[in-house]
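Participant: Feature list, courtesy of Swiss-Prot:
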{"type": "BINDING", "residues": "ASP81, ASP123, LYS124, GLU489", "note": "Mg(2+) binding site"}
{"type": "BINDING", "residues": "CYS122, CYS195", "note": "[2Fe-2S] cluster binding site"}
{"type": "MOD_RES", "residues": "LYS124", "note": "N6-carboxylysine"}
{"type": "ACT_SITE", "residues": "SER515", "note": "active site, proton acceptor"}
Amino acid sequence: MPTYRSRTTTEGRNMAGARALWRATGMTDGDFQKPIIAVVNSFTQFVPGHVHLKDLGQLVAGEIAAAGGVAKEFNTIAVDDGIAMGHDGMLYSLPSREIIADSVEYMVNAHCADAMVCISNCDKITPGMLMAALRLNIPTVFVSGGPMEAGKVKLGDGEHALDLVDAMVMAADDSVSEEDIELVERSACPTCGSCSGMFTANSMNCLTEALGLSLPGNGSVLATHSDRQNLFKRAGHLIVDLAKRYYEGDDESVLPRSVATYDAFENAMTLDISMGGSTNTVLHLLAAAHEAGVDFTMQDIDQLSRRVPVLCKVAPAKNDVHMEDVHRAGGIMGILGELDRAGLLKTDVSTVHAPSMSAALNEWDVVRNENHHEFYRAAPGGIPTVFAFSQSRRYRELDTDREAGVIRSAEHAFSQDGGLAVLYGNLAEDGCIVKTAGVDESILKFSGPARVFESQDASVDAILSGEVKEGEVVLIRYEGPRGGPGMQEMLYPTSYLKSKGLGKACALVTDGRFSGGSSGLSIGHVSPEAAEGGTIGLVETGDLIEIDIPNRTIHLAVPDAELAARRQKREEEGWHPAEPRPRKITAALRAYASMTTSASRGAVRNI
């Protein structure tokens, strides 16, 4: 029978000092025999996805106390990728994932907490906390802050739904008036919550449902809706139950590593492919699997991508569909239900809230059970706000149309080819990733001359000045985990290509990564990266690059002898950008670069 970890600090004569300190936090004699639950919050006023979390930790804490536990809250950092985008701030985004994971480990292990509720939301916070949960392997429940409502704006022929990416694209389009840009800017992000499309934050929060570590609705209930309050309350009660089942009942099935097994990771990736999730999820799932000791690799993702269809298209792949629409169609449990009916889901895996995924789907899939139809009718309020649970509006009816609705059955899939693909070839021997759900069918096969840039900044200048021409492959290198360092997101280059009318006329290839808001023929995570001696570091402007998504290949059409000669020269001169970059690399970033690994391994640390 496992012993409560917290008893290390609450029992025995030699812990009198520790108990004295616990008492100073408000604990009483009766509390020392209760499970101590860490409430891992990530409130910050810098990030709209986290601005409303300030009081939610204490909401969970109150429920933990009511259920017989003791809650102790602390905070992690949280970087807003949208605000950090387009300047050196983005160098810190991916490294913050490791800092978050470490900070959770430090706090939980230093104070011997028995279990955790992780209150996350945005891009690197959910992955960082997920890595920590699997590293620590103590009972854990995830509950996120929830998606933002989609913006609404009246332009031209009527009202349009929009999001952050629309504002970025329009701002770079010279044909759009200053007045319209201001209107879109003021309308794109109307409420608190994670950005409203299937970007990285929402993708990861959805995947926690598939992994079995969060409650149904975690990925799709709007931040503003009162139904999300119930998720926080239920999480508080659930975590105490899980802690008692483990420490008092020796039930190891509730532990994160027992829930997030290889099959669960397959389910999560299957979901991601079926809904065209962010390519960043590949990076984060690989890192989480590493922490869990699960042998889940790029090769597994490649195999899944070849047999999982696209059942749901959400912005940026489909501009008029946002997370509120996914929820109305049955949320993540609705998509998982369709995957199950197609024979693509492992349903004997356990979850924190149900004995199996099969049992969870029997209860929460709107097609097979009407018990929670009201829950999935939760609608946006349409009123700008920074407050959680501020409205209770509901749609009159659900979207259960599986032929032409937001969520499709496998028979009526948007595409039988999955929403993500892994490409291999001499340009990416260890693989690279493309979000096929955002690629127009006309350019699934694409060949063109490379236009090489040694940084994201240089590519942006060239795109905006009109130097990049139709048919070219924009190649941005030395932006990988080590070369950046920090593996910047390339949302600005992809957005600016769209604004210049080149979204379907050019490709973009990089050893960096892409925002979940990116679309078009955007190929990232090229591995090995340039800074590690990857072939991407040998490409010269004018070289022909051949991309074949249906056959999963990417090829640099340069003779092997020429590549060998270029490699010898590069080995002599060093693997670094050919042109100097005005980029300040601090000691913190240098430390990250010295330990990080390739994107094909999830950019985990090699220590």
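Numbers here mean position along the shown chain, with the first residue as 1.
Cβ atoms are placed via backbone N, Cα and C, with glycine included.
It should be emphasised that the depicted structure is a prediction, and the values quoted were computed from it without experimental measurement.
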Participant: So which other residues, same chain and not among ASP81, ASP123, LYS124, GLU489, have a Cβ within 8 Å of the centroid of the Cβ atoms at the Mg(2+) site?
Facilitator: VAL79, ALA84, MET90, SER93, LEU94, CYS122, THR200, ALA201, ASN280, SER515
Participant: What subset of the recorded positions CYS122, CYS195, SER515 lies within 10 angstroms of GLU489 (Mg(2+) binding site), using C-alpha positions?
Facilitator: SER515
Participant: State the count of C-beta atoms found within 10 angstroms of the C-beta of ASP81 (Mg(2+) binding site), not counting that atom itself.
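Facilitator: That number is 27.
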Participant: Taking 10 A as the limit, how many CB atoms besides its own sit near the CB of CYS195 ([2Fe-2S] cluster binding site)?
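Facilitator: Excluding its own Cβ, the number within 10 Å is 30.
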Participant: Work out the three-state DSSP category of LYS124 (Mg(2+) binding site).
Facilitator: coil
Participant: Between ASP123 (Mg(2+) binding site) and SER515 (active site, proton acceptor), what C-alpha distance do you get in Å?
Facilitator: 9
Participant: Compare the C-alpha of the residue listed as 'active site, proton acceptor' with the C-alpha of each of the binding-site residues ASP81, CYS122, LYS124, CYS195, and give the closest one.
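Facilitator: That would be ASP81, the closest of ASP81, CYS122, LYS124, CYS195 to the residue listed as 'active site, proton acceptor'.
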Participant: If you draw a 10 Å sphere around the Cβ of ASP123 (Mg(2+) binding site), how many other Cβ atoms fall inside it, taking every protein chain shown into account?
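Facilitator: Total other Cβ atoms inside 10 Å, all chains included: 34.
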Participant: Can you tell me the three-state DSSP label for ASP81 (Mg(2+) binding site)?
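Facilitator: In the DSSP reduction, ASP81 (Mg(2+) binding site) maps to helix.
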Participant: Cβ distance under 8 Å to LYS124 (Mg(2+) binding site), same chain, sequence separation 6 or more: which residues?
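Facilitator: Expected: ALA78, VAL79, ASP81, SER93, LEU94, SER96, ARG97, ILE100.
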Participant: Which ones in the same chain are close to CYS122 ([2Fe-2S] cluster binding site), with CB under 8 Å and 6+ residues apart in sequence?
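Facilitator: CYS122 ([2Fe-2S] cluster binding site) has long-range Cβ partners SER42, VAL47, GLY49, HIS50, ALA78, VAL79, ASP80, ASP81, SER194, ALA201.
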